[in-house]
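The ATP binding site annotation in TrEMBL covers 35, 36, 37, 38, 39, 40, 41, 42. Annotation comment: TrEMBL describes 14-290 as domain 'UvrD-like helicase ATP-binding'.
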Ligand SMILES: Nc1ncnc2c1ncn2[C@@H]1O[C@H](COP(=O)(O)OP(=O)(O)OP(=O)(O)O)[C@@H](O)[C@H]1O
């Protein structure tokens, strides 16, 4: 593909970028972009990737590495880059999470670990803190290491606080070293993601050739949502890239810093500028939210968060657009019924699609929205806990399987055709154009045969399982594992395929048709319900936040800044309308009803009122 001259490059898809965004895209130095919600930070990274690839500033065959914090953010960025510069160039754009980047290094270079940190090939990932604590309990029975015990948080923090190899001097450090050894030597080895990152870092720090290989591979490194980087992640980034010729672009927003509880580094922006000499540049626009919502966000930026980086709405809006409400309800039942009626109106009369609406909760989704989800589904509006599906549906292998199913069973499936073929041309990466054409013909014959062999009305569990298997084997497990580093570990790949198959069968048994099952699986016509943390980076026409109550913000007095940012993130996901609900009563996790107050978080309510934008309404069924 012929490279575009740098001076002739223009942003893809007609986007008009503000001056600083254009500057960052073309800047050959390290940069840190700080900007509010909807400013186009992720879009800037996508455009910068297109620029570097289309102009060959990222010289073939070197690659761009984009690191995000969540699987769906990494996936969305990859999709945006594909759209902006096409399948072929975007193959040199690796968009992954910090955890999967570390895991890929570990899976690929496991044998380069020093002897006392060696692990078994079939290591298991212990996800629960309890699993790590049990090792401490066994090694030191006199101390209480239960998750809620006093020693637990310190123990867990210390477990991965230091770079490897571990210091063994002193009783506490000796104990920690012993536990690491017990976990590494278990059959199979037991690791958690933080340990994986420390081990990957050890590989890099002790193998100059691997480090050099990594740095030569990635001429450019992007860091999305950088405000949430933890000390461990930042250490890992520095071990991999600092001092290399690679160039870094980090984007973030300190008003959306909601991972301090998980160890996000308070001073990460300053550290990054000091360590890399990055130039700091702001962006001013908010392209997402309607003007009245931008005005509200600006008010809260100043009066709730004590900051001054105000945003300007996009001129595409009419000045009067954007609305925000606080709706007060007697109890959760009334809240559910009234929300149902309102949403039904929006869908039936205003033409909103269920996926234009998002229901958010701060935490404890079942407590705040479990009953609502059940009520909505029983009464004809589909809604579901999206947390359970996000990870599965952002897996390339899942999308490939689902879209081949659509090609077999749906009459018009041109989008599916494009997605599946993009997957196949990735795994048959060495194929020239002519071979790819032959592959396409062969693939269509394969689909035709499946249509013939598996009539819709004769499908059952066993046939669905066979179909999944045939579809995977068409691409070839070995090829899939070779092209997608995340799937190098076959246990992981098989786990995803099994989970997807189970969910497909479950949906099929519920809906009775294969298209119904596929639609249900991907969430077509379904309102997503999720926590604010999961909603980061996403946007919806209408956002409903359930539970603007002291009970939901139970740590507000201890940690007001993080809770204010969480509230700010929720509000800033909405393009046109946002509703906060307050229910005078709310059950706890055991179902016991408690009166709710809005005393501790009064400052939020006060500032919503002071903004002059928000309408407060008592809602009852008679309306
Ligand atoms: N230059 C632009 N012109 C028009 N629309 C844009 C531009 N940049 C971004 N957008 C649109 O604005 C919305 C927000 O963009 P994006 O998700 O990149 O913002 P962000 O800064 O990453 O937001 P957040 O931090 O809130 O997740 C998206 O719908 C995107 O397509």
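Each residue, glycine too, has its Cβ placed from N, Cα and C.
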Binding-site residues whose CB lies under 6 angstroms from ligand 1, from 36, 38, 41, 42: 38, 41, 42
Remaining residues near the recorded ATP site, that is with C-beta within 8 Å of the centroid of the site residues 35, 36, 37, 38, 39, 40, 41, 42: 251, 253, 283, 285, 286, 287, 288
Chain-internal residues near residue 42 (ATP binding site), provided their CB is under 8 angstroms and they sit 6+ positions away: 73, 76, 77, 80, 224, 251, 537
Under 8 Å by Cβ from residue 38 (ATP binding site), same chain, sequence gap 6 or more: 285, 286, 287, 288, 289, 311, 539, 572
